[in-house]
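Residues or ranges marked as sn-glycerol 3-phosphate binding site in Swiss-Prot (evidence: sequence analysis): T13, R83, E84, Y135, D255. If you look up Swiss-Prot, you'll see T13, R17, T277, G321, G421, N425 marked as ADP binding site. What Swiss-Prot lists as ATP binding site is T13, T14, T277, G321, G421. According to Swiss-Prot, the glycerol binding site annotation covers R83, E84, Y135, D255, Q256.
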Amino acid sequence: MADTYVGAIDQGTTGTRFMVFDHSGQVVANAYEKHEQIYPEPGWVEHDPVEIWENTQEVVTKGLADAGVGAEQLEALGITNQRETTIVWDKETGKPVHNALVWQDRRTTDRVEEIQEEDKVEWIRGKTGLECDAYFSATKTEWILDNAEPLKMQSSRGADLRERAEDGELLMGTIDAWLIYKLTGNHITDVSNASRTMLYNIHDMEWDDELLEEFGVPESMVPEVRPSSDESLYGHTDADGFLKEEVPVAGALGDQQAALFGQTCFDKGDAKNTYGTGAFYLMNTGSEAVASDNGLLTTVGFQMSGEPVQYALEGSIFIAGAAIEWLEDVDLINNAAQTAELARSVESTDGVYMVPAFTGLGAPHWDGRARGTIVGMTRGTRKEHIVRATLESIAYQTRDLAEAMEEDSGVEMTTLRVDGGAVKNNFLCQLQSDIIQTDIARPQVDETTALGSAYAAGLAVGYWDTVDELRDNWQVDEEFSPEMDAGKADKMYARWDDAVDRSRDWAQEE
């Protein structure tokens, strides 16, 4: 009998990856395709959902072919995705009515400020655990319904999108729901993605009627919410579709929750930080939804079939790896691999601080009008100093979150598990350990996001029996311990606070 595997579709901000894992959690196949970033106006970011679906089919087909694995050898498919990014599509045709509004998109900042002025921020936080921000799906869905050009279709000539939504002709969802719909024909999301919409009550674990009304989203538009690892399955791929097989689709997690799962952070107090486009620090808080006094989000971590939901505290940094991309954009570096070498070539930043608030600041500051800032430059400043300051900014932002996390949870962290593209950079890992004065553990399989969704899907179909099997799979690649004096780290971090202050509240309304 041929070996069997679990597949994972990892639909990220910059591209789509398909990976296949074996029983020991090792990578068998890996294919990747970038998609276009669309910037119609400053602060606006869109993706084409059709391109994403086409790329998904392409990477799945290519990944299987390259590894010599047949679709019939897949016991299950899991999905993980960039969270909050929002799509509205036509129920009948399956066609999007507008490009996806990406999580980084700031076009609804004015609407968020309106909500703040109406004193509804605490009301929203109480229900959703979220800070009221343009980051989440609620204001994005509202914007699409109010502003997208209606599709000129026979059935809807003259009818605007709001009317069509009220008539039950439109569906909305985050990327996981879009992919599950395209793969299985079912309109389903998981608890972790639902918890990021700002429309879902994380205490009652259901769509919140008052929030749906506040943002003008009819209940007929929202997907059914299921566990992240679902024994009753989200559906099967179509035997007549691109895979030519009925593969169970059984697991879904927003990317950061998937990384928490993939890092086997199954117990209260376990924490991980993922360094991708942004950086996302999550701590499992068990069956208690811990409210934050420090600008962190209370969110759903994950849920397995028949088990209580596990909550998490989350700190979201909007720009981490994207700050390194910016160094490339402005020709300070040729590629990301150069950053460590350049940063090491100088002993310090020579007083330069870089605050990468290109799309505002996330936790714990939540300032949508903050903008990217470099301070402390002199005529002696060289590009090496700016590169080093950029890497340091990632470490400082993480310390912002680590301190908030310890204060809210009362749990002192001993080791932080890290993953994501940027952790291949040893210089950054060591710097991170120095700045937060904590041990850093990097696992052997660094694509933990895809691994987490594969684990969720595999558990649902019995490919793995228990989470203990998954814990045994987790292997450390390298550990980093603080080498910097704590006093020096504190001093450097205090100046970071000053630099952040200078970036705040910069963007003006036109």
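Glycine is treated like the rest: Cβ placed from N, Cα and C.
In this structure, the C-alpha atom of T13 (sn-glycerol 3-phosphate binding site) lies 7 angstrom from that of T277 (ADP binding site). Here the CA atom of T14 (ATP binding site) lies 15 Å from the CA atom of Q256 (glycerol binding site). Looking only at the binding-site residues T14, R17, G321, G421, N425, the one with its C-alpha closest to R83 (sn-glycerol 3-phosphate binding site) is T14. Within the set T13, T14, T277, G321, G421 that the record links to ATP, no two Cα atoms are more than 13 Å apart, and one pair reaches that distance. Around the Cβ of N425 (ADP binding site), a 10 Å sphere holds 21 further Cβ atoms from the protein chains shown. For T277 (ADP binding site), the nearest neighbour among the binding-site residues T14, E84, Y135, D255, judged by Cα separation, is T14. Not a single one of the binding-site residues T14, R17, G321, N425 has a C-alpha within 10 angstroms of the C-alpha of E84 (sn-glycerol 3-phosphate binding site). Ranking the binding-site residues E84, D255 by how many other Cβ atoms lie within 10 angstroms of each Cβ puts E84 at the bottom.
Under DSSP, R83 (sn-glycerol 3-phosphate binding site) is assigned to coil, being neither helix nor strand in the three-state scheme. Cα-Cα distance from D255 (sn-glycerol 3-phosphate binding site) to R17 (ADP binding site): 12 Å (rounded to the nearest whole number). Neighbour counts of Cβ atoms within 10 Å were compared for the binding-site residues R17, R83, and the top value is held by R83. Residues within less than 8 Å, Cβ to Cβ, of G421 (ADP binding site) and separated from it by at least 6 positions along the same chain comprise Y275, G276, G321, A336, D446. Long-range C-beta contacts of T14 (ATP binding site), restricted to its own chain and to partners at least six residues apart, with a cutoff below 8 Å, comprise K34, H35, Q37, T277.
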